[in-house]
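The next block holds one structure in the form of structure tokens; read it before the comments.
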Amino acid sequence: MVNFCGKEFSSRLLIGSALYESPAIMQDAIRAAGAEIVTVSLRRETAGGKAGDVFWSLIRELGVTVLPNTAGCRTVREAVTTARLARELFGTSWIKLEVIGDNDTLQPDVVGLVEAATELVNDGFEVFPYCTEDLSVAMRLVDAGCKVVMPWAAPIGSARGITNRDALRLLRDRLPDITLVVDAGLGAPSHAAAALELGFDAVLLNTAIAKAADSVAMAGAFKLAVEAGRIAYESGLMDARDFASPSTPVIGTPFWHAVS
């Protein structure tokens with residue numbers, strides 16, 4: 001089980017609801033992933049009136065916990081306003097907070113992120129901040145009152161996997177009581193497994209599943225990878241070595257093998 005802001009969930013795979021070929025494929029992929037938390041963009045929900053109502057109905061049919069996000073926001077004021085609108089629309093105080101600082105890399109504006117997180121926490125929100133892997137930023141978010149921190153593995157949609165393993169490991173070591181979720185940059189099930197092997201509590205995916213040739217099958221693959229990664233972490237992974245270490249015992253080795 002994994003705890004998000006006082007609520008227990010069995011799935012460690014959070015999934016996004018954008019970019020799918022069709023609404024039906026989105027539903028089937030979310031089910032195949034076994035996801036219990038689904039991120040939803042306020043802009044997607046409110047765009048198009050009736051179309052937004054249909055989309056929201058499809059999400060409700062899944063019986064999942066909705067995590068609204070502030071995707072596309074580039075200023076503190078825009079993000080805070082979007083979060084408040086999302087709370088009213090979706091009836092939840094949970095918000096995945098994004099404040100984008102660069103259009104090319106979609107890197108978070110970490111200064112604005114901390115400012116927005118502080119304001120939203122003070123306004124009663126449970127903030128899930130999307131950030132870089134920088135420890136000092138994560139610690140400021142925790143100091144602001146965030147119970148969850150969501151560092152990227154790599155830029156959004158890049159599918160590069162974990163590019164700074166040491167930094168992510170440091171986050172886990174220094175923030176043992178904080179729920180940590182790798183968010184963005186994962187492109188393959190093996191990337192998700194690697195994040196869980198580092199001790200991260202969960203991963204959040206969208207593009208890697210939505211843009212797969214078979215989104216439903218890929219969702220199932222990620223589900224298995226996340227489960228395998230967590231089991232591996234809990235089982236205790238052996239330490240990496242610089243040199244070989246024989247796994248075959250020398251006791252009982254024929255005597256002529258010892259003759260030089």
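Glycine is no exception: its Cβ is also placed from the backbone N, Cα and C atoms.
If you check Swiss-Prot, you get these features:
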- K96: active site, schiff-base intermediate with DXP (ACT_SITE)
- G157, A184, G185, N206, T207: 1-deoxy-D-xylulose 5-phosphate binding site (BINDING)
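Mapped onto this structure are the features recorded in Swiss-Prot.
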residue: K96; record: active site, schiff-base intermediate with DXP; Cβ contacts under 8 Å, 6 or more apart: T39, L67, P68, N69, T70, F128, P129, Y130, M150
residue: G157; record: 1-deoxy-D-xylulose 5-phosphate binding site; Cβ contacts under 8 Å, 6 or more apart: L106, A184, G185, T207
residue: N206; record: 1-deoxy-D-xylulose 5-phosphate binding site; Cβ contacts under 8 Å, 6 or more apart: I15, G16, S17, A18, L19, T39
For G185 (1-deoxy-D-xylulose 5-phosphate binding site), the number of other Cβ atoms found within 10 Å of its own Cβ: 23
Longest CA-CA distance among G157, A184, G185, N206, T207, per record bound to 1-deoxy-D-xylulose 5-phosphate, angstrom: 10
Cβ-based neighbourhood (8 Å from the centroid) of the 1-deoxy-D-xylulose 5-phosphate site, residues G157, A184, G185, N206, T207 excluded: P155, I156, S158, A159, L186, G187, L205, A208
Assigned conformation of G157 (1-deoxy-D-xylulose 5-phosphate binding site) - DSSP reduced to three states: coil
Secondary-structure category, per DSSP, in which A184 (1-deoxy-D-xylulose 5-phosphate binding site) falls: coil
Binding-site residues compared (A184, T207) - the one with the fewest other Cβ atoms within 10 Å: T207
For N206 (1-deoxy-D-xylulose 5-phosphate binding site): DSSP state (helix, strand, coil): coil
